[in-house]
Amino acid sequence: MAEAVVSFGVEKLWELLSRESARLNGIDEQVDGLKRQLGRLQSLLKDADAKKNETERVRNFLEDVKDIVYDADDIIESFLLNELRGKEKGIKKQVRTLACFLVDRRKFASDIEGITKRISEVIVGMQSLGIQHIADGGGRSLSLQERQREIRQTFSRNSESDLVGLDQSVEELVDHLVENDSVQVVSVSGMGGIGKTTLARQVFHHDIVRRHFDGFSWVCVSQQFTRKDVWQRILQDLRPYDEGIIQMDEYTLQGELFELLESGRYLLVLDDVWKEEDWDRIKAVFPHKRGWKMLLTSRNEGLGLHADPTCFAFRPRILTPEQSWKLFERIVSSRRDKTEFKVDEAMGKEMVTYCGGLPLAVKVLGGLLAKKHTVLEWKRVHSNIVTHIVGKSGLSDDNSNSVYRVLSLSYEDLPMQLKHCFFYLAHFPEDYKIDVKILFNYWVAEGIITPFHDGSTIQDTGESYLEELVRRNMVVVEESYLTSRIEYCQMHDMMREVCLSKAKEENFIRVVKVPTTTSTTINAQSPCRSRRLVLHSGNALHMLGHKDNKKARSVLIFGVEEKFWKPRGFQCLPLLRVLDLSYVQFEGGKLPSSIGDLIHLRFLSLYEAGVSHLPSSLGNLKLLLCLNLGVADRLLVHVPNVLKEMQELRYLRLPRSMPAKTKLELGDLVNLESLTNFSTKHGSVTDLLRMTKLSVLNVIFSGECTFETLLLSLRELRNLETLSFHDFQKVSVANHGGELLVLDFIHLKDLTLSMHLPRFPDQYRFPPHLAHIWLIGCRMEEDPMPILEKLLHLKSVYLSSGAFLGRRMVCSKGGFPQLLALKMSYKKELVEWRVEEGSMPCLRTLTIDNCKKLKQLPDGLKYVTCLKELKIERMKREWTERLVIGGEDYYKVQHIPSVQFINCDH
C-alpha cells in the first residue's frame, strides 16, 4: 500500500514546515505555496494507490512523490542547519555572513519553488490519468500511543497460549533425545511456517531435557553463515566464561570443540540449516563418540539422514481444521474485550482454511483480526482474502502463495508509521537477533517515531510501536523475565521474505551482500531511489565512497571481517541520518575529519570499532541524538572537547579509556536520557546537575573529586532508573557516603556498586522500588543478606569478585519475598551458606560460580520449590559427585528441572 508510505512522508514534511515556520520567515510566499500543493497532492494519493496496478505511469508518479518529499526535507533541513552555523561564526565575519545569508535565502526560495513546481507536474500528470481527489474521511482516530495504552491493559506476550497440537510431538522428540542411546541426531523438517523452530524450542527448554544434559547450545544457521562463526557460538554457549574463544582461529576452535563434545553430555540445536552442503562445512567438530546429541531443523527433509544415517527424522503435521480454529480462536479471544461482538464462527473458519494448516499463518491472521472490532471490518478482511487467494487448503513448498498473501495482509493493515517500523526490520540479516534499544534509536533518528513531544523516552515510545507488531504476530520477541521488558526481536524467515519484498517494492532499502564491483546493486534497484543502504559483508565497505549513494539516509553494516578499512571520506554521503560503523576497523585508527560534513546525522555508532582518534569536526554534528563511542576496550581514544555542541543528544556512550589530559565539558547536554562511562577524571561532576532527564547513568569514579561531591551533583536526577558506580582505583567510601548514594532516587530500579564499601547501608536507605542490585568487589566485612532480604521488591541479586569477605552467609525465613535470580561469583572466602525454610519462595535461577571454599549447597534449598535452574560453574569435582543422581546431596536438588555443571574441575 504505497499510499500510506507516501502519505507518511508528506505528513512529516508538512510537520517540518509548520514547526520551523518562524525560522522560515521572509520566504512565506514560497513556503505557503508548497504547503498548498502538498495538501492537493495528499488528496490524490488514496486513489492513486488504488489504481497503481492499472498502469506503470501511476506507480512512477508515486515514486516521484517519494523522491520529491525526501528532496524537500533535505533542502529545508540543510538550509536551517547552514543558517545556524552561519550565526555561530562570530563578529569578525558578520558582513560576509550577512551576504551569505541573503544568497542562501534566495537560493532556498528558488529551491522551494522548484519543489513546488515538481509537485504541480505530478498532480497534473495524475489527473490526466483519471486520478481523483478523495477527501479524508473525517473523525478522529486514536493515536498509536493512545491505542498502545489500551493494548497494554490486556495484551500478553506469552507465546505459550499460542501453542496447539504440540504436546505429543514434544514428548516423542524428548524421548529420542534422552532415552534412545542409538540416536545421535534428531531432525525436524518441513515447509516454512509449520512450526519447526517453535517445536524445537519447546524441546530445548523441556524439564527432562534440561535435567539430562550437562550443557546446551542453540545456533541459527543462516544462508550466509561462516563456519568459524557457528563453531564459535557453540563453544561460547558451552564455555560462557572463556574470553579467549573470540580470539581463536578455526583450527583451534575445531580442536577445542571436538574435545569438549567428547567429554560430556551436550545438546546442540542447529536451527534452520538449509542445505546438505551447509552441514558438510561444519561437521568436522562433531565426534563419533556418543554423549552429545544434535537437534536439527530444516526445510530439507533429507538433511538429517545426510548428517547421520541413524537419524530420527520427524516431520511435523500441518494443523487439522479443528486445531487451526482452536489456535485462531485462542489468539483472537485473548486480545479482545469480552463486550465486543461475538465472532462469526462460519466466516472465521472459512478464513482460517486459507492458512493451509500452517501455525504461522493462523497466528498472523488471528493477530490481524483481533484488532478488528466490528462485523464490517471482519467482512472486509474476508473479502480481501477471497479476492486475492486462489485455493483453500493443501499446501506444498511449491504452492505457498496463499500463505504469503495471508502474511501480506497483516502488513497491508498496518498504520503508516508502523509500515516504516516494519520496513526497517528488512535491514537485518536472516535469523539476526535485533537489539531493540538500537532499533528504537534507528527509528527515532529517521523520524519514524517522535517520542519527545509528550516527555516520553525513546525506550518507552519504541516499545509501544514494537508491541503493536508483536500483537499482530509479525515479529517474535525475547524479553527479560526479571524486568518483563523486550530485549531482542526477530522475524520468522517467511515474514522476513514479506518484509524484504515489500521494502524493495517501495524502494525503501538496498541490500548489498557480497559485491563483485563497486557498482553492485540488488534487483536492479535505482541507487537514487533507495535512500537506505545496508551492507551484509565487510567486503562491501568500499561502496560507501560511491557517488550513487549521495542521497542515502542510512548506512548499516553487518558481517564486518577482521581487516582494516581505509576510508576515502564521507563526502559521498552528505545527507545521512543514520551511520552505524560498529566493529569496523579503521586503518591508522583515525576517523576521517569528513565525518563533520554529515550535518544531518542523528545516529552514529563506533561500538567495538577500531578507532583511537576522533576529529574535532565531530562537533559539527549538532543534530545527533545517539552517539556511541564505545570502541574496542583495548584502545586509548583521543576525544576532542566538542561533544558540548551536540545539545540534542539523548544517548551518549563514552570510551572506557581516554588520555589523562582529556577534559570534556558536558554540562549543556541537558536532553540526555542515557550516559555511559562518565568519568570524574575527564569531566566535571557538576555537569550532571542539569541532566535531569537522565534515566540511565554509569559513572567511573577516579578520585578527582570527593565521593560526597559526586553524590551532591546527582541530587536533581529524580528520573534515574539505572545507576552504576565503578571505582577502579578502589577508594574506600565512607559509611555515610553509602547511605547518601541511594537516598533520593525514588524511581531507581537497577543499582550497580563496583567499589569498596566496607559497611553496607541499612534497608531504609535504599529506594522503595529497587529491583536489581549488583555488588562487585565491595569487600564487605558483614553479611549483606540480612539487609538485602528486607528489600521487598528485589528480583535479582548478583554478588561478585569479593563483594563479601566473610565466611558465613544466611538467608532468613521470609526474606527475599520476590527474588527471582541469585548469582554468587568469586566469593573465595565463603565457607558456609545457610538457607532457612521460607526464604526466597519465588527463586527461579541460582548460579554458584567459583566459590571454591564453599563446602556444599545449603540444606534449605530443598524448600525452594519454584527453583527451575541451578548452574554450578567453575567448582570442584566433588560438587558434581554430590549433586548427581545417587549423590550425597542429590535430595537438595532433585526438584530442580535443570541442574548444569559448567567448567567444573574434572
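Every residue number used here counts from 1 along the chain in the order it is shown.
A Cβ is built for glycine as well, from the same backbone N, Cα and C atoms used for every other residue.
Here is what Swiss-Prot says about this protein:
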type    : residues                                                       : note
BINDING : Gly190, Met191, Gly192, Gly193, Ile194, Gly195, Lys196, Thr197 : ATP binding site
COILED  : 15-68                                                          : coiled coil
DOMAIN  : 144-454                                                        : domain 'NB-ARC'
REPEAT  : 573-597                                                        : repeat 'LRR 1'
REPEAT  : 598-621                                                        : repeat 'LRR 2'
REPEAT  : 623-644                                                        : repeat 'LRR 3'
REPEAT  : 646-671                                                        : repeat 'LRR 4'
REPEAT  : 672-696                                                        : repeat 'LRR 5'
REPEAT  : 704-727                                                        : repeat 'LRR 6'
REPEAT  : 740-766                                                        : repeat 'LRR 7'
REPEAT  : 767-790                                                        : repeat 'LRR 8'
REPEAT  : 791-818                                                        : repeat 'LRR 9'
REPEAT  : 840-865                                                        : repeat 'LRR 10'
How many helix, strand and coil residues does the repeat 'LRR 8' (767-790) contain under DSSP?
4 helix, 6 strand, 14 coil
Can you name every residue in this chain, apart from Gly190, Met191, Gly192, Gly193, Ile194, Gly195, Lys196, Thr197, with its Cβ inside 8 Å of the center of the Cβ atoms of the recorded ATP site?
Arg299, Pro316, Leu358, Pro359, Leu360
Show which residues of the chain containing Thr197 (ATP binding site), separated from it by at least 6 in sequence, have their CB under 8 Å from its CB.
Asp271, Asp272, Thr297, His492
Same-chain residues near the repeat 'LRR 7' (740-766), Cβ under 8 Å, at least 6 residues beyond its ends:
483, 701, 708, 711, 714-715, 717-728, 730-733, 772-782, 784, 787-788, 790-791
Positions whose Cβ lies under 8 angstroms from the repeat 'LRR 4' (646-671), at least six residues beyond its ends:
441, 444, 458, 607, 619, 621-631, 633, 635-639, 677-679, 681-684, 686-687, 689-693, 700
Can you tell which of Gly190, Gly192 has the most other C-beta atoms within 10 Å, given these are the binding-site residues?
Gly190
When neighbour density is defined as the number of other C-beta atoms within 10 angstroms of a residue's C-beta, which of the binding-site residues Met191, Gly193 has the lowest density?
Met191
Any same-chain residues 6+ apart from Lys196 (ATP binding site) with CB under 8 Å of its CB? Would you list them in sequence order, or say none?
Val188, Ser189, Gly190, Asp271, Asp272, Thr297, Ser298, Pro316
Average pLDDT across the repeat 'LRR 4' (646-671), rounded to a whole number:
95
Which residues, sitting 6 or more apart from Gly195 (ATP binding site) on the same chain, put a CB under 8 Å from its CB?
Leu166, Pro316, Leu358, Pro359, Leu360
Which listed stretch (598-621, 704-727, 840-865) has the most C-beta pairs under 8 A with the repeat 'LRR 5' (672-696)?
704-727
Once near-sequence residues are set aside, which residues in the chain of Ile194 (ATP binding site), 6 or more away, have Cβ atoms under 8 Å from its Cβ?
Pro316, Ile318, Leu358, Pro359, Leu360
Outside the repeat 'LRR 6' (704-727), six or more residues from its ends: residues with CB under 8 Å to it:
680-681, 685-698, 733-734, 737, 740-741, 744-756, 774
